[in-house]
Amino acid sequence: MNQKTILVLLILAVITIFALVCVLLVGRGGDGGEPSQLPHCPSVSPSAQPWTHPGQSQLFADLSREELTAVMRFLTQRLGPGLVDAAQARPSDNCVFSVELQLPPKAAALAHLDRGSPPPAREALAIVFFGRQPQPNVSELVVGPLPHPSYMRDVTVERHGGPLPYHRRPVLFQEYLDIDQMIFNRELPQASGLLHHCCFYKHRGRNLVTMTTAPRGLQSGDRATWFGLYYNISGAGFFLHHVGLELLVNHKALDPARWTIQKVFYQGRYYDSLAQLEAQFEAGLVNVVLIPDNGTGGSWSLKSPVPPGPAPPLQFYPQGPRFSVQGSRVASSLWTFSFGLGAFSGPRIFDVRFQGERLVYEISLQEALAIYGGNSPAAMTTRYVDGGFGMGKYTTPLTRGVDCPYLATYVDWHFLLESQAPKTIRDAFCVFEQNQGLPLRRHHSDLYSHYFGGLAETVLVVRSMSTLLNYDYVWDTVFHPSGAIEIRFYATGYISSAFLFGATGKYGNQVSEHTLGTVHTHSAHFKVDLDVAGLENWVWAEDMVFVPMAVPWSPEHQLQRLQVTRKLLEMEEQAAFLVGSATPRYLYLASNHSNKWGHPRGYRIQMLSFAGEPLPQNSSMARGFSWERYQLAVTQRKEEEPSSSSVFNQNDPWAPTVDFSDFINNETIAGKDLVAWVTAGFLHIPHAEDIPNTVTVGNGVGFFLRPYNFFDEDPSFYSADSIYFRGDQDAGACEVNPLACLPQAAACAPDLPAFSHGGFSHN
């Protein structure tokens with residue numbers, strides 16, 4: 001081969017290499033070799049989508065920071081200079097405890113929503129502690145109209161029949177601080193010898209923390225609380241590190257200097273005082289168990305012991321979200337509703353419409369309850385009525401990518417509680433659409449003809465979470481394309497524990513060297529104001545029965561034929577079902593309007609609950625949460641029965657401000673505006689796998705609202721997400737199967753916002 005030929009070949013090789021390099025560079029970005037980027041997915045809904053927000057959409061919106069500020073300014077002017085900031089208030093002070101939305105009367109709200117009447121006055125409800133009056137009391141004041149208040153109306157007598165006794169008031173944060181100061185500065189030094197020996201006691205107990213129990217006493221009028229002491233484990237759950245010491249603090253007096261320790265409990269024995277405990281310890285009469293203050297092998301921490309792995313799965317919206325959130329109003333192609341938070345009762349939704357038709361006026365959490373057992377006084381007496389602490393008040397910021405999908409829409413919540421200025425919980429709600437990874441319906445046919453039809457289950461979810469001391473509750477409202485609404489709550493967080501001593505098998509399981517996981521029940525109560533094709537509804541119960549019969553074509557043989565039983569429930573007592581009693585498998589509210597097939601249009605209440613036994617009715621405090629006895633009760637709706645519980649029930653369950661059982665007074669429920677009251681709950685016997693945290697798996701309960709002859713067929717039949725193809729069609733063609741278009745329709749990268757967290761203090 002001559003040199004000329006070699007030169008030509010070299011030139012051709014160089015040209016080929018250059019061409020290949022150019023091809024490679026075309027496929028790479030112009031930033032020095034990074035791979036080309038997919039376009040970002042749209043971050044907003046396409047403008048052509050049909051859903052819109054009606055002008056009256058903010059009727060149920062929680063109060064804004066500006067409204068809260070205006071109410072507080074007005075109350076300060078009207079109540080005078082003696083008003084103290086609740087953040088620093090002592091029991092003998094006057095202070096504004098809370099301000100929140102006063103919900104409008106239903107008749108006025110519907111007149112506005114449905115008939116265009118002027119909106120009802122926007123009002124606030126304030127709870128005020130009057131500790132400086134000759135007869136200290138608690139008052140409820142309605143303030144309006146907002147945003148420029150001009151009147152204040154005391155509704156305490158109207159709603160409760162008289163002034164609210166002062167001992168029923170919730171415990172302020174300042175009161176807890178004063179109790180801690182009393183315990184650590186005045187009381188614990190009296191037992192410093194024992195505490196040094198057992199618990200690595202430091203000056204004024206700085207390595208220890210207290211945890212409250214409730215209710216506070218044994219009879220109406222008491223205000224005496226058992227406090228457990230725990231190691232203060234930084235960055236982890238102290239709830240698992242009980243040191244075995246519990247103190248009964250009487251804090252009824254208006255002057256904290258007069259508060260006393262009524263009883264002491266230490267590792268299985270009772271004492272009259274810490275001084276007595278110390279004296280017996282010095283005399284060698286106390287059996288002391290030395291408890292390490294560094295946890296048990298780190299299993300108490302939520303920090304993973306392994307490094308991060310590959311990124312987990314991520315759902316995104318390839319063509320932008322298919323819903324919108326404006327203020328408190330959510331709208332999608334199927335659903336519209338308003339959402340909010342009661343400061344004490346927690347999450348609630350209003351004016352729920354499916355394809356434009358109202359199904360529900362209100363679904364709201366009313367109360368949550370945890371009843372404990374154990375062989376220590378704190379464990380055996382604890383009945384946490386969480387509304388007394390505040391399921392809205394203790395709502396927490398939602399952590400993007402853990403508490404909700406990373407790309408969910410996050411909404412803040414403004415509140416005014418124990419403060420003179422409003423605060424904000426960032427990311428208190430999340431709203432998202434989610435593919436459940438499950439078909440809502442489907443059929444694959446190989447019989448006579450060949451076809452497939454189905455619809456992926458895609459739901460719209462609004463979520464919030466509350467952390468009540470050790471437990472975290474997840475509150476979900478799920479909207480399904482079939483017209484069903486699902487209400488679900490989950491429990492997670494840390495278990496409440498007790499110091500391990502004596503015969504503990506009756507009260508739970510040992511979960512670490514010195515820790516008993518104490519048995520308890522969880523229950524939550526919900527108000528469901530269904531308006532099924534109008535305000536006039538009836539309650540129907542349907543079930544099944546096997547009826548013996550002779551076989552028609554062979555009379556000598558017997559057959560058990562399955563039949564449907566139907567019964568109209570006409571009185572409240574008929575529609576009140578106790579926990580553990582037989583409940584109709586189908587119970588639904590129906591209108592006097594029929595569907596195409598002649599059946600009354602109805603919505604079924606389907607419960608998913610495995611509640612523990614309710615507190616026996618002969619208990620002195622059972623009236624304080626009498627709703628717990630009923631898995632379901634349907635009553636006439638009344639404005640004077642807005643809630644099944646009260647923020648004041650926690651501290652006086654013996655003479656409760658609201659007794660739900662009074663709602664069930666055997667009035668007619670035929671053709672009336674009705675409310676269904678639903679209880680969901682479960683028994684929790686803590687076990688080793690509850691360490692470090694209880695998991696949500698298997699610890700979620702709730703109920704469904706499902707259409708029952710409300711439509712003429714399944715409304716999801718009309719879903720644009722439906723898939724259908726025959727055996728003689730090309731299922732890989734876009735015009736046949738929309739899923740075949742995904743490689744093009746979803747060829748985008750989700751626009752992930754930078755991670756942020758709402759923080760650990762509210763601003």
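Using the three backbone atoms N, Cα and C, a Cβ is placed for every residue, glycine included.
Keep in mind it's a predicted model, so treat the numbers as computed, not measured.
Residues annotated as topological domain 'Cytoplasmic' in Swiss-Prot, with a curator's inference given as evidence: 1-5.
The topological domain 'Extracellular' feature in Swiss-Prot is assigned to 27-763; the stated evidence is a curator's inference. Across all of the topological domain 'Extracellular' (27-763), the predicted model scores a mean pLDDT of 93.
Neighbour density for Ser43 (O-linked glycosylation site): within 10 A of its CB lie 12 other CB atoms from the protein chains shown. DSSP assigns Ser43 (O-linked glycosylation site) to coil in the three-state reduction, outside any helix or strand. The O-linked glycosylation site annotation in Swiss-Prot covers Ser43 (among others).
A sphere of 10 angstroms centred on the C-beta of Cys199 (disulfide bond) encloses 24 other C-beta atoms. The secondary structure of Cys199 (disulfide bond), as reduced to three states from DSSP, is helical. The disulfide bond annotation in Swiss-Prot covers Cys198-Cys199 (among others).
Thr212 (O-linked glycosylation site) carries a strand DSSP state (E or B). Annotated O-linked glycosylation site per Swiss-Prot: Thr212 (among others), in sequence order, evidence recorded as a curator's inference.
Neighbours of Cys404 (disulfide bond), defined as other CB atoms within 10 A of its CB across all chains, total 23. Sequence annotations record features per position, and here Swiss-Prot assigns disulfide bond to Cys404-Cys430 (among others).
Per Swiss-Prot, O-linked glycosylation site is recorded for Thr679 (among others), and the stated evidence type is a curator's inference. In the three-state DSSP scheme, Thr679 (O-linked glycosylation site) falls into the strand class.
Spatially close to Cys734 (disulfide bond) yet at least six residues away along the chain are Ala740, Cys741, Gln744, judged by Cβ distances under 8 angstroms. Cys734 (disulfide bond) carries neither a helix nor a strand DSSP state and counts as coil. The disulfide bond annotation in Swiss-Prot covers Cys734-Cys741 (among others).
Neighbours of Cys430 (disulfide bond), defined as other CB atoms within 10 A of its CB across all chains, total 22. Residue density at Thr679 (O-linked glycosylation site): 29 other Cβ atoms are found within 10 A of its Cβ, drawing on all protein chains shown. Cys199 (disulfide bond) has Thr212 as its nearest neighbour among the recorded positions Ser43, Thr212, Cys404, Cys430, Thr679, going by CA to CA distance. Ranking the recorded positions Ser43, Cys404, Thr679 by Cα distance from Thr212 (O-linked glycosylation site) puts Thr679 first.
According to its DSSP assignment, Cys741 (disulfide bond) is helical. Straight-line distance linking the Cα atoms of Cys404 (disulfide bond) and Cys198 (disulfide bond), rounded to a whole number, equals 43 Å.
Sequence-distant contacts of Cys198 (disulfide bond), defined as residues of its own chain at least six apart whose C-beta falls under 8 angstroms from its C-beta, comprise Val243, Gly244, Val288, Val289, Leu290, Ile291. Under the DSSP three-state reduction, Cys430 (disulfide bond) is assigned to strand. Put simply, Ser43 (O-linked glycosylation site) is 16 Å from Cys430 (disulfide bond) when counted between their Cα atoms.
Between the alpha carbons (Cα) of Ser43 (O-linked glycosylation site) and Thr679 (O-linked glycosylation site) lies a span of roughly 39 Å.
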